[in-house]
Amino acid sequence: MSDYILEIKDLHASVNDVPILKGVNLSIKPGEIHAIMGPNGSGKSTLSKVIAGHPAYSLLNGDILFYGRSILKMEPDERARAGIFLAFQYPVEIPGVSNADFLRIALNARRKFRELPELSPLEFFQLITEKINLVGMKESFLSRNVNEGFSGGEKKRNEILQMALLESNLSILDETDSGLDIDALKIIAQGINTLATSTNSIVLITHYQRLLDYIIPNFVHIMSDGKIVKTGNVNLAQDLEKHGYDWIKST
């Protein structure tokens, strides 16, 4: 098995025939937290969706390896069952589907892939009760429809709850800090830090350095015009906060 959870090699991708990713290279080992920053239109969110297998994006060149195996031919649901989790910038509402049913079905699909027995409703309730406390949610959220009527912070916490429950190997969090006040941000960050282990990896996609005040990444990558143009530690994010993205172009 590969030493890397994720390897992205010379990745080029487009949407509606417009090139967005123009040669992305990235390697992530177990236990690492990577932050990807960049201005609007730099390709950050596109990269996350291409990894997850979003059908709107066309792969032009390159490869994506998950534990050393290409996932390009895997459907999005196969990638999710294999252990790739994507938290959306704007989580969708699913009317008519309760949080509890959605989470139990998703968890059992993941367990089936891992050749583990499905959980009964009682076993699931015992597990979800443990996980729900992690993100400061009330049990009443389980009976509500998925994200329907949720505030922005509640939607983001619901995604972290999914991440906790599914125990994904690679979690990609696309602008999880977007629209959160400082109290909600701290709760989300605490949950993410608790879920970071020596065997999984987390990718944080963000515009702002403030998230990295609470979650310290091993690596910070700056994207510009569809490529990773600079890599460093958390100090790079702090420099970016001081000088802006034009500073990257001049270095």
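Note: Cβ is positioned from N, Cα and C throughout, glycine not excepted.
As given in Swiss-Prot:
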DOMAIN    6-250  domain 'ABC transporter'
BINDING   G38, P39, N40, G41, S42, G43, K44, S45  ATP binding site
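For the binding-site residues given as N40, S42, S45, the lowest number of other CB atoms within 10 Å of the residue's CB is seen at N40. In sequence order, H207, S224, Y245 make up the list of same-chain residues 6 or more apart from P39 (ATP binding site) whose Cβ falls under 8 Å from its Cβ.
Secondary structure from DSSP puts G43 (ATP binding site) in coil. Mean pLDDT across the domain 'ABC transporter' (6-250) comes to 90 in this model.
Report note: the ATP site is defined by G38, P39, N40, G41, S42, G43, K44, S45, and the residues of the same chain whose CB lies within 8 Å of the CB centroid of those residues, excluding them, are T46, M223, S224. G41 (ATP binding site) is surrounded by 13 other CB atoms, counting those within 10 A of its CB over all protein chains shown. Look at G38 (ATP binding site): DSSP puts it in coil.
For the binding-site residues given as G38, G43, the lowest number of other CB atoms within 10 Å of the residue's CB is seen at G43.
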